[in-house]
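**Q** Sequence annotations record features per position, and here Swiss-Prot assigns Zn(2+) 1 binding site to 53, 75, 76, 169. Under the heading NADP(+) binding site, Swiss-Prot lists 55, 173, 194-199, 217-222, 257, 281, 304-306. What Swiss-Prot lists as Zn(2+) 2 binding site is 106, 109, 112, 120, and the listing cites similarity to another entry.
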């Protein structure tokens, strides 16, 4: 079925405004969106905040070669429920909620039945994806969205929407590998490779789990930030042979958040025997992994991609309990193109969040 932009759902469509890229220039400008009517199992959400993920930048510029234009990005959505379908029991109008990287799946395969909707072969992403009815999904750089209730997360009262929105991508991306690879047991020693949008959240979750945390970075200037502000226990400059040697075979696991191509052997050497390195960054080119680096010490190299819906709800509740939030810079909708330029230069600490509720309609009217 060819992708279409208009909703195929029965009933009256709901009009929204968004910011869309029309081509690989990536320039975002106002765009009228027709959302489907609120179905029996759906939740309609007024979007108040939406985080900017680095993948948004890749997609608007078609750097991954699968962009469908016009493209409305955004999969770190936080807002308020305005309407629910007749079968919805978990949510009601006025609830504070979020939507992350997925808005649908088959809901019946082994992965879905085991709570791993993120591994469903028929999974539908929040934007730049084709839903079951053939429509193209539009993301959270928009005034409202309609989502099946299974893919909506309830925000705890203690979690502010603006600093919580990025956790729906960055948070679950680092939380899941810690949980499923045994790196959430107090006293374990975890390394966080890279201190950016993912890395700074990984440090915070590691501290919430009671772990010893070492930040590994190529930027010596981030040492004070890591130790004094984020609370890491140690900092290793990856270009220092002396510091890397001192940290050799000391870590139970490493969460690798780096998207640049880096040699794996020096970082695998930081692991204890039976240690695990989990990749959550996506380098453009294949990685060089000398087999001896894994075989010697029985080390494991694994990957992890976001998380299922139950884990996402669990993550946001644990984050609220322990005060884990993203460090953000709130911007208006009219500043989004400048923010994208800055993001391309890594000029943000650590996540941009669009104040959709207060600024999108004004930006669209200009």
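Just so it is clear, glycine is given a Cβ too, placed from its N, Cα and C backbone atoms.
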**Q** Which binding-site residues (53, 75, 76, 169) fall within 10 Å of residue 306 (NADP(+) binding site) by Cα distance?
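**A** Checking each Cα against residue 306 (NADP(+) binding site), the hits are 169.
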**Q** In whole Å, how far does the CA atom of residue 169 (Zn(2+) 1 binding site) lie from that of residue 198 (NADP(+) binding site)?
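**A** Computed Cα spacing between residue 169 (Zn(2+) 1 binding site) and residue 198 (NADP(+) binding site) is 9 Å.
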**Q** What is the total of other Cβ atoms whose distance to the Cβ of residue 221 (NADP(+) binding site) is within 10 Å?
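**A** Excluding its own Cβ, residue 221 (NADP(+) binding site) sees 8 Cβ atoms within 10 Å.
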**Q** Using DSSP and collapsing to three states, where does residue 169 (Zn(2+) 1 binding site) fall: helix, strand or coil?
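**A** Once the DSSP labels are grouped into three classes, residue 169 (Zn(2+) 1 binding site) ends up as coil.
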**Q** Let me make sure I understand the structure: which of the binding-site residues listed (55, 106, 281) has the fewest other Cβ atoms within 10 A of its Cβ?
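**A** Sparsest of the binding-site residues 55, 106, 281 by Cβ contacts within 10 Å: 106.
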**Q** Rounded to a whole number, how many Å is the Cα of residue 109 (Zn(2+) 2 binding site) away from the Cα of residue 53 (Zn(2+) 1 binding site)?
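**A** Just about 29 Å between their Cα atoms.
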**Q** DSSP on residue 112 (Zn(2+) 2 binding site), three-state: which is it?
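**A** Reduced to three states, the DSSP call for residue 112 (Zn(2+) 2 binding site) is helix.
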**Q** In whole Å, note down how far the CA of residue 195 (NADP(+) binding site) lies from the CA of residue 53 (Zn(2+) 1 binding site).
**A** 15
**Q** In sequence order, what residues of the same chain, 6+ apart, have a Cβ less than 8 Å from the Cβ of residue 218 (NADP(+) binding site)?
**A** 237, 238, 239
**Q** Going by Cα-Cα distance, which of the binding-site residues (106, 112, 195, 221, 281) sits nearest to residue 76 (Zn(2+) 1 binding site)?
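**A** Smallest Cα separation from residue 76 (Zn(2+) 1 binding site) among 106, 112, 195, 221, 281: 281.
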**Q** Round to the nearest Å and give the CA-to-CA distance linking residue 221 (NADP(+) binding site) with residue 75 (Zn(2+) 1 binding site).
**A** 31
